[in-house]
Amino acid sequence: MWSSLNDWLWHERFWLPPNISWAQLEDRDGLVFPHPRDTLMAVPLALALVVVRFTFERFVGLPLSRWLGVRNQTRRPAKPNATLEKYFLMKGRKPTESQMNLLATQCGLTLRQTQCWFRRRRNQDRPCLTKKFCEASWRFAFYLCSFISGTMVLYHESWLWTPVTCWENYPHQPMKPGLYHWYLLELSFYVSLLMTLPFDTKRKDFKEQVIHHFVTIILISFSYSLNLMRIGSLVLLLHDSSDYLLEASKLFNYTHWRRLCDTLFIIFALVFFYTRLVLFPTQILYTTYYESIANLGPFFGYYFLNILLVVLQLLHVFWSCLILRMIYSFIKKGQMEKDVRSDVEELDSSDGEAAEECPQMKNGAAQRSGAAPTDGPRSRASSRMANGHTPDT
């Protein structure tokens with residue numbers, strides 16, 4: 001039964017152009033062609049990348065963050081409370097006011113104390129700044145190395161400059177070693193991103209990122225199996241050309257180098273818009289939709305490839321809208337609006353509540369703990385200084 005299912009799944013009429021069989025893509029006369037089974041190598045390589053990543057973050061990212069002055073905010077931990085902890089884990093991180101009142105009654109706390117507990121408990125789960133820095137430094141290092149490697153591999157290839165040549169003599173296109181290694185490395189990296197997703201910082205576009213990773217893995221595996229590596233390599237290079245700029249911008253954001261951060265983000269936005277809203281639809285989608293079937297005719301693999309590429313383009317439009325909001329904020333306010341970026345994490349104080357619980361006096365005026373009395377020699381001296389009088393020395 002497994003053999004029959006495998007034969008049906010990999011039937012030539014699904015994946016290959018008419019009158020083309022898998023037998024024609026077997027290695028011969030010193031020519032090597034891609035085979036679907038080769039993609040299984042991505043799993044052990046992805047595990048190796050996970051090890052490399054955590055080693056990099058521990059011995060490179062963390063010391064670099066300290067050297068650049070990245071400091072974690074001091075957070076006051078929530079006091080142990082079994083009832084509130086159970087609700088937090090099982091029912092929700094942000095209860096409504098009525099639920100908050102009920103929980104306060106059950107625990108013998110005031111409403112303000114209960115709100116303060118949930119605020120501090122949420123802050124405990126938010127990643128610290130050094131963790132964000134280490135993750136961004138790893139992605140920056142990989143994307144930059146991948147972009148440089150891809151440029152070196154494709155620079156002398158005709159299809160980099162003229163995408164229509166991706167379909168010359170397709171699918172009888174021998175695979176080159178450099179392209180094979182770079183392709184497999186990219187596939188392994190995106191598989192490793194899925195493996196570490198539960199441990200990474202959750203971002204506002206988490207669902208879109210998951211969809212992007214799955215579509216990318218399927219697209220890389222599919223294009224490799226069908227010897228569509230030429231057009232697939234162009235898609236990978238277009239993505240890598242802007243990704244490392246975004247990660248660099250985030251690194252300088254965490255170090256509070258605002259001017260350099262904003263400059264890099266503007267450069268990233270320009271590269272992103274040009275590569276993903278201009279080059280991707282006019283060069284990639286055009287050649288896969290029109291020029292790919294000029295001499296072959298449509299087949300199932302043709303439709304499947306274009307569907308995946310259209311999904312990627314929709315994600316590009318989604319992220320472009322977020323970037324435009326960032327740029328609009330920059331023009332209007334003179335600074336970037338952090339919580340609108342596609343992958344900027346939620347700030348610790350994003351719930352908008354006060355960080356400390358302030359006891360109230362009987363007359364309703366709040367007084368900070370440890371504040372000086374409103375009367376007395378020190379208070380009177382301060383009052384005179386505030387009015388422009390300085391004590392004699």
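Cβ atoms are placed via backbone N, Cα and C, with glycine included.
Straight from TrEMBL, the features:
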{"type": "TRANSMEM", "residues": "39-56", "note": "transmembrane segment"}
{"type": "DOMAIN", "residues": "71-128", "note": "domain 'Homeobox'"}
{"type": "DNA_BIND", "residues": "73-129", "note": "DNA-binding region"}
{"type": "DOMAIN", "residues": "131-332", "note": "domain 'TLC'"}
{"type": "TRANSMEM", "residues": "140-160", "note": "transmembrane segment"}
{"type": "TRANSMEM", "residues": "180-199", "note": "transmembrane segment"}
{"type": "TRANSMEM", "residues": "260-280", "note": "transmembrane segment"}
{"type": "TRANSMEM", "residues": "300-328", "note": "transmembrane segment"}
{"type": "REGION", "residues": "342-393", "note": "region 'Disordered'"}
{"type": "COMPBIAS", "residues": "345-356", "note": "compositional bias 'Acidic residues'"}
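In terms of DSSP secondary structure, the DNA-binding region (73-129) contains 36 helix, 0 strand, 21 coil. Mean model confidence of the domain 'TLC' (131-332) amounts to 90 (pLDDT, 0 to 100 scale).
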